[in-house]
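A.B. asks: Here you go, one structure.
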Amino acid sequence: MLIEERILTLFRRNCQHTLTYWSVFFSFGLSIAFLGPTIQDLKCQTGSTLQEITWMFFSQQLCLLIGSSIGGAFTKTLFWALTALFLSSLIISVVFAIIPLCYNVLLLAVAMAVSGLAMGIIDTIANIQLVSIYKKDSAIFLQALHFFIGLGALVSPLIADPFISEHCLGSNSTENATEIIHHFRSSFRSPVILTENSPHSEPVEEKANVAYAFWIMALINLPVPIAVFVLMYQEKLLPFCPNSTPRLLDKDELAMETKAPEGTEISEPDDAGFHHGGHGNIFSCCMNGSLRGLPVTFFGIHILGGLVLFMTEGIMGVYAGFVYTYAVSAPMSLHAKMAAYLNCIFWAAVTAGRLVSIPLSYRFRSVHLLVMNLAGVIVTLLLLLILYTNRVFLFVGTTLLGLFISSVFPCLVAYTEDILEYRGCATTVLVTTAGMGEMTLQVLVGSLIQKKGTYSFLVCGLVIGCLGFVFFLSVILCNRIHRNLTGASKKAAMVEAPPAPASEKAAPEQKVAVIQTESNKCDSG
């Protein structure tokens, strides 16, 4: 059988929860990619300069980081977790709807900040919820979760593309292209280059067609908060919903509950029925009293794991943001329309990679997938650096990079949580540091490209990839030391111990035989 019956039974029991968490990540993906192809229309809509419009992107990224940091605070109970997801997904729809009405860059920046905060909360809560439900089996479900980010990122620009206005086009010069903060997030459509020499864009008198794109995305996203609301209703978490007796487990679920897999600890549900593993926001994690007395390796795994994602998520953001500028510049000098396909290919490869990783994460251990993916990222970037004038390999390398880097995040979350036996705040720390890497490295690499040229884009990517691999090897080493210090290796040996000897298994049968013999003697007497 492709998947164990135990995992299928676990999924059937938590099917509605799992599908709901996957759907909110679709909202996250929608919000990632819509800014790039609509930047020119938003610039004209607000009548702003390049320096003014960049605050919109910065505010979203900053608030996304804040939301990721505080999102874990809502995972103490199922009620607060679902309430936060409901409000966050609803806010994304509201922001989509009001963006066409924001004719001032400050109002637009505030709207983007609110959406970024909602995205950060969704990012942390959905990851923590799935890890808390599936624990050691969470890798396959995390892969599917992050697949929905790519799916949303595919849908959003495709919706916006037919409505993009052509009368707001700026200069085709790429001299100052790296200053565009749309590099914070990728887009599929060719980002029209804005230059610092561009004057204030005049607000468009006629109603912009792009408004319809935002309203369509708001409607597409609307079923997501409805799905969260339905889940709250099913779980009897609504204040106006009468309490009822929880449903009884069927025989398969009862067998799963009474016979947990070896080496898997079953957490007790709280009063809301939510199995949580002590996760919280990043600040409460640092002040958690239960973490006192733990070895330094426990915290080292958190830090090193966070650094790995700091690098890999930074690569994803940097490549998705700057590959278009690199492609249209010398020596590649691709046509603008052809270069526009690179972003589409990259995100399509990320989506496909996460889909393929779902069965792979069931067949292979997370650490093996991580080694293969990180090595593949380094080799691909090295080949792109060597063949920097080969246009064909630019498309091939973009595809390979998207495939290799796609599953690093979910694999590392599952691997780190498994190392720490779901006691720490790994998911919260990893999500937060990943957001920091995506924001920080894009700014640093963008400034370096502006000073040294677009070739430094690939050099920076290769250096960052090598650092990420070194940090991951440090995580493996730290894991070995941690197991020795905490006695985890002895525990694993006990779990993997051979079954009891036949003599011990036969003991109850011997006792029964003795009793039967004694009873026969009594009868004969």
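Each Cβ is built from the backbone N, Cα and C atoms, and glycine gets one as well.
TrEMBL feature annotations, pasted as is:
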- 21-40: transmembrane segment (TRANSMEM)
- 52-71: transmembrane segment (TRANSMEM)
- 78-99: transmembrane segment (TRANSMEM)
- 105-128: transmembrane segment (TRANSMEM)
- 140-160: transmembrane segment (TRANSMEM)
- 212-233: transmembrane segment (TRANSMEM)
- 296-326: transmembrane segment (TRANSMEM)
- 338-357: transmembrane segment (TRANSMEM)
- 369-388: transmembrane segment (TRANSMEM)
- 394-415: transmembrane segment (TRANSMEM)
- 427-449: transmembrane segment (TRANSMEM)
- 455-478: transmembrane segment (TRANSMEM)
A.B. asks: Cβ under 8 Å to the transmembrane segment (394-415), counting only same-chain residues 6 or more beyond its ends: which ones?
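C.D. replies: Residues 127, 131, 138-139, 142-143, 145-146, 150, 305, 308-309, 312-313, 315-316, 319, 323, 327, 332, 334, 341-342, 345-354, 356-357, 360-361, 366-367, 369-370, 372-374, 376-377, 380-381, 383-384, 387, 426-427, 430, 434, 472, 475 contact the transmembrane segment (394-415) from elsewhere in the chain.
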A.B. asks: Excluding the flanking five residues on each side, which residues at least 6 beyond the ends of the transmembrane segment (427-449) place their CB within less than 8 Å of a CB in that stretch?
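C.D. replies: Here the qualifying positions are 61-62, 64-65, 68-69, 71-72, 120, 123-124, 127-128, 131, 178-179, 183-184, 279-282, 285, 302-303, 305-307, 309-318, 321-322, 325, 409, 412-413, 416-417, 456-457, 460-461, 464.
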A.B. asks: Could you check whether the transmembrane segment (78-99) and the transmembrane segment (369-388) come into contact, where contact means at least 3 Cβ pairs under 8 Å with the two residues of each pair 6 or more apart in sequence?
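C.D. replies: Since fewer than 3 Cβ pairs under 8 Å link them, the transmembrane segment (78-99) and the transmembrane segment (369-388) do not come into contact.
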A.B. asks: State, in range form, which of 105-128, 212-233, 338-357, 455-478 has the highest count of Cβ pairs under 8 Å to the transmembrane segment (296-326).
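C.D. replies: Top-ranked stretch among 105-128, 212-233, 338-357, 455-478: 455-478.
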A.B. asks: Short question: which residues 6 or more past the ends of the transmembrane segment (105-128) have a Cβ under 8 Å from it?
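C.D. replies: For the transmembrane segment (105-128), the nonlocal Cβ contacts are 21, 24-25, 27-28, 31-32, 35, 42, 46, 48, 52-53, 55-57, 59-72, 74-75, 81, 84-85, 87-89, 91-92, 95, 98-99, 142, 145, 276, 279, 413, 427-428, 431-432, 435.
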A.B. asks: Given a Cβ distance threshold of under 8 angstroms, which distant residues of the chain, six or more beyond its ends, lie next to the transmembrane segment (455-478)?
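C.D. replies: That would be 297, 300-301, 304-305, 307-308, 310-312, 314-315, 318-319, 322-323, 325-326, 367, 370-371, 374-375, 377-378, 381-382, 384-385, 388, 412, 415-416, 441, 444-445, 448-449.
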A.B. asks: State the non-local partners of the transmembrane segment (369-388) in its own chain: residues 6+ outside its ends, Cβ under 8 Å from one of its Cβ atoms.
C.D. replies: 312, 315, 331-332, 357, 360-361, 394, 397, 400-401, 403-408, 411-412, 415, 455, 458-459, 461-462, 465-466, 468-469, 472
A.B. asks: If we skip the immediate neighbours and take only residues 6+ beyond the ends of the transmembrane segment (212-233), which ones have a Cβ under 8 Å from one of its Cβ atoms?
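C.D. replies: Sequence-distant neighbours of the transmembrane segment (212-233): 16-17, 19-20, 23-24, 26-27, 30, 34, 38, 79, 82-83, 85-87, 89-90, 92-94, 96-97, 99-100, 155-156, 159-160, 162-164, 241.
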